[in-house]
Structure formats: C-alpha cells, structure tokens
Amino acid sequence: MSWGFLRDLLSGVNEYSTGIGRIWLAIVFTFRLLVYVVAAEHVWKDEQKEFECNIRQPGCENVCFDHFFPVSQIRLWALQLIMVSTPSLLVVLHVAYRESREKRHKQKLYKNPGSMDGGLLCTYLISLIFKTGFEIGFLILFYKLYGGFSVPRLVKCDMRPCPNTVDCYISKPTEKKVFLYFVAVTSCLCILLNVSELICSGQIKEM
C-alpha cells in the first residue's frame, strides 16, 4: 500500500495546526505511520499461510482463521490510520474555500485565510472531535474483535468442517502482541492530545 497521500495530507495540515496539533502530527507520522510501513507490515506478512492447525482436513484452517481473525489486525490498523488522519482534511478544505472566496471576490476578506478564528476554528474543533471519536472507536473495535490486545500462541478451534477440536498456532505471537500494545498506547496518547487541544481551542473560542 502506498502511503504518500497520507504523508502529503499530514504535511499540509501541519501549517494550520496548533502546538499540540503539531505534536499529534509528529506522533501519527513518526511513531504510527512509519512503524507500520517499516516494521509492522512485515510481521503480518502471509499471516494466513503461517496459521497452522494440527489437522489436514480441507477447509478447517481457513474456517478457524476466519473465526479468530474476522478482520486482519494489520488491515484494521491501516484503516485506523486513515480514519484518524482524514478529519484533518476538513481544515485544509476550509482554508482552500477561504482562498477561493477571496479570489472570486477579488478582495481581502480575511486577515489570513489560514488564521485559526471564526468558522475555521469551528472546523478545527469538529475535526478534533471526529479524530477522538475514531481513536476511541477503533480501540473498542480492536478489543471486541480479538478479546484484548494480547496474541495467544495457541487457540483451540471446533468450527465445522473440523472433525473435532483442533489446536491452531499463530505465527509470531510475541511480536504481534508488542505491536498491538504499541497501537493501544499511541492511540491513548493521541486521544489525550486531542482532548487537551479541544480544551485549549475551546478556551480560545470563548475569549
């Protein structure tokens, strides 16, 4: 997967972000996106092929894998990165709207199209609410789908067409567990930053 579009989006948003917002961007780009691209993708590579059960019944391994991993963890992580980053696009679009409005009227309508005031501040607050909501939602989704952030070495499966309860082994469970804890910690940190920025930006709006 090419992540160039997300990198460009985050770079564009940086220009209109507050101090806390820039810390959030640094965490998303450095500690989440780069870790995903450089390391995590390789850990989950061929995860279904490396999922082995102690039986050769046709279809048994596929059914068990689908039961324990209804959505691939790495794909869910990728979706999380996209969803928590795209609300920032609202701010970029709002600034572009201001700039196009000035060109259309051929006069200066704003002190600075990118200044954080009025409608743009409201848009920024809305994007923070969306980002926080997506972060919390994906943490809950990770927990509900996989029963937490731990990855067991062995799971027992009795799904049909398996003739009886079989033992299935998950590849690289320790590495995967480390990365999932990393996902949880960075998500919680980003939630904390978003809430802090919401409070600070809300105080600016009231002034």
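Note: Cβ is positioned from N, Cα and C throughout, glycine not excepted.
Counting only same-chain residues 6+ beyond the ends of the domain 'Connexin N-terminal' (42-75), those with a CB under 8 A from a CB of the stretch are 142, 145-146, 155, 157, 159-163, 166-172, 175-176, 179-180. TrEMBL lists 42-75 with the feature domain 'Connexin N-terminal'.
Summarising the annotation, TrEMBL assigns domain 'Connexin cysteine-rich' to 134-201. Each residue in the domain 'Connexin cysteine-rich' (134-201) gets a DSSP state, and the totals come to 42 helix, 8 strand, 18 coil.
Look at TrEMBL and you will find 21-39 (among others) tagged as transmembrane segment.
The transmembrane segment annotation in TrEMBL covers 77-97 (among others).
For the transmembrane segment (118-143), same-chain residues at least 6 beyond its ends with a Cβ under 8 Å from one of its own Cβ atoms are 16, 73, 76, 79-80, 83-84, 87-88, 90-91, 94-95, 98, 149, 180, 183-184, 187-188, 190-191, 194-195, 197-198, 201-202, 204-205. Among the features that TrEMBL reports, transmembrane segment is placed at 118-143 (among others).
The transmembrane segment annotation in TrEMBL covers 179-200 (among others).
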Taking the domain 'Connexin cysteine-rich' (134-201) alone, what is its mean pLDDT? 87
